[in-house]
Amino acid sequence: MTTPRPVLLAIMDGWGLAPAGPGNGVSLANTPNVNHWMATCPTTQLHASGLDVGLPEGQIGNSEVGHLNIGAGLVVYQDSTRISESIKSGEFFENPAFLEAVQIVKERGTNMHLIGLIGRGGVHAYDIHLAGLLQLMAQQGVNHTYIHAFMDGRDTLPQSGLGYMRELQQTISQIGVGQVASVIGRYYAMDRDKRWERVGAAYAAMVEGVGHTASDPISAIEQAYLRDARGDEFIEATVITDSAGVALPRISTGDVVICFNFRADRVRQITRALMQSDLNTMIQEWYANQAEQGLQLPTTIWQRPEQVSNLHYVTMTQYDATFPYAIAYPPHYITEPLAKVIADAGKRQYHSAETEKYPHVTFFLNGRREEPFAGEDRVMAASPKVATYDLQPEMSAEEVAAKLLDAVNSQIYDFLVVNFANPDMVGHTGVIPAVVKACETVDRCLGQVVPAVVAQGGAAILIADHGNAEQMIDPQTGGPHTAHTTNLVPCILVADPATGLTREQISLRAGGRLADLAPTILDLLGLQKAAAMTGTSLIETK
């Protein structure tokens, strides 16, 4: 194999693989170029969903995660999956932030409090993460462990919380550690819109023991449903009492608090309420600003009573870069993405897309880095201003292709990456004739660009980051299917025969995933993959 130049990565966003049928926008389309390359060039199918891209098992892929994995050259586990996988491996129970919290609560002889959303909504928290913490407390002999349960009803059914609470009570009974000390809906505890009076109600229950009372959390929820049939999200603060009617331990001086939500946005305010020393000043300034803008203020402005002193606070993930608290699962930084390896080798690169997918070929592909690397040029075409893209399924693909063709013909770039957004963005409309046009547009654009790459002695890798356009009919309802899919995606290598990258000379390994693309591209460029890249090249010599 000789080194091709340039190497093009063309991402056909949302172009998945599925059997032909009336709902398959890809197979319904007239795509002579892609069909020809599929029939004559090295091809394989890639996994682009679930654990293969760092998402929970069975979860559909998406463009952000897809491009992140493509550029990182490794499976980038999302926070929720990192935590879940660490429970399976046992690393969870050796987490330094958790063990430090255990040590502190033992040394002080105080109480452990676990706060967060319960249930299996999976958007902000997972029940297995709370169960893992309870198991850890049992292992470490932290018997004085209290749970402040935020109820969902938004990412779960409105009155599903009763069942989830029964499951939690069963888990507590099996593990032998933990008591639910308070129950409150996420409407209050997880406000993110500076409605401090809502957060104040959660604070009052957890810290002051103020709210409705119930002898157990099941009764608390049943009583709440009678007060407000809207369900879990709107459960007013309820304090759980012991057999003598005394509230279970509140969050008090010297206690340890672990917030087990993995998603940050809806637990920043409750974290500030518990921990920020100048909270009241901040709240007053915010409301003053609201008043200056002529906005309506609440009847009473919540102000925190005296702050609980000497709390030790642990966040499950990084909730805010300015928070000085212990983090159990800090951000995973991608230090050597594909673009950096190429830049460090002194090579030139070109990243291109239209507006809808421009962040994906820049920020996400480059490992969540905003600034371009040395020798990296970025070119964007504006997406059309239409209400929905079925009205203009061609989008701005022709402009993207024209700019890309100019870049190829300039012969100054070693590596080029382009995203054609059409199959995904039009796929989200569920309008099959428009999706067909979208796929045909991408095929036509590739038919202009790929031959130019090959003519220069180069190679093009055609892939998708996830599926979408190949499933436009919901198999359950028969109605439109507008979401991404878990289907495999294509990977086609089209190259100048002189490079030795033909179907007769090489094959593309089966069973690959998006994380294998960066090592494959570096293999084509004759560069060593970064040490952190755990993906492997798809190219196999016959």
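Every residue, even glycine, has its Cβ placed from backbone N, Cα and C.
Taken from Swiss-Prot, the feature Mn(2+) 2 binding site applies to ASP13, SER63, ASP465, HIS466, supported by sequence analysis. According to DSSP, SER63 (Mn(2+) 2 binding site) is assigned to a helical segment. Around the Cβ of SER63 (Mn(2+) 2 binding site), 25 further Cβ atoms fall within 10 Å across all displayed protein chains.
Sequence annotations record features per position, and here Swiss-Prot assigns active site, phosphoserine intermediate to SER63 based on sequence analysis.
Taken from Swiss-Prot, the feature substrate binding site applies to HIS124, ARG154, ASP155, ARG186, ARG192, ARG263, ALA264, ASP265, ARG266, LYS357, supported by sequence analysis. Around the Cβ of HIS124 (substrate binding site), a 10 Å sphere holds 23 further Cβ atoms from the protein chains shown.
Per Swiss-Prot, Mn(2+) 1 binding site is recorded for ASP424, HIS428, HIS484, and the stated evidence type is sequence analysis. Counted within 10 Å of its Cβ, the other Cβ atoms near ASP424 (Mn(2+) 1 binding site) come to 29, all protein chains included.
Ranked by Cα separation from SER63 (Mn(2+) 2 binding site), the binding-site residues HIS124, ASP155, ARG192, ALA264, HIS484 are led by HIS484. Ranked by how many other Cβ atoms sit within 10 Å of their Cβ, the binding-site residues ARG192, ARG266, HIS428, HIS466, HIS484 place ARG192 at the bottom. Taking the C-alpha positions, the distance from ALA264 (substrate binding site) to HIS428 (Mn(2+) 1 binding site) comes to 27 Å.
Annotation: ASP465 carries the greatest number of neighbouring Cβ atoms among the binding-site residues ASP13, ASP155, ASP465 [cut-off 10 Å, Cβ to Cβ].
Here the candidates are the binding-site residues ASP13, ASP424, ASP465, HIS484, and by Cα distance the one nearest ASP155 (substrate binding site) turns out to be HIS484. Among the binding-site residues listed here, namely HIS124, ARG192, ARG266, ASP424, HIS484, ASP424 has its C-alpha nearest to that of ASP13 (Mn(2+) 2 binding site). Under DSSP, ASP424 (Mn(2+) 1 binding site) is assigned to a helix (H, G or I) in the three-state scheme.
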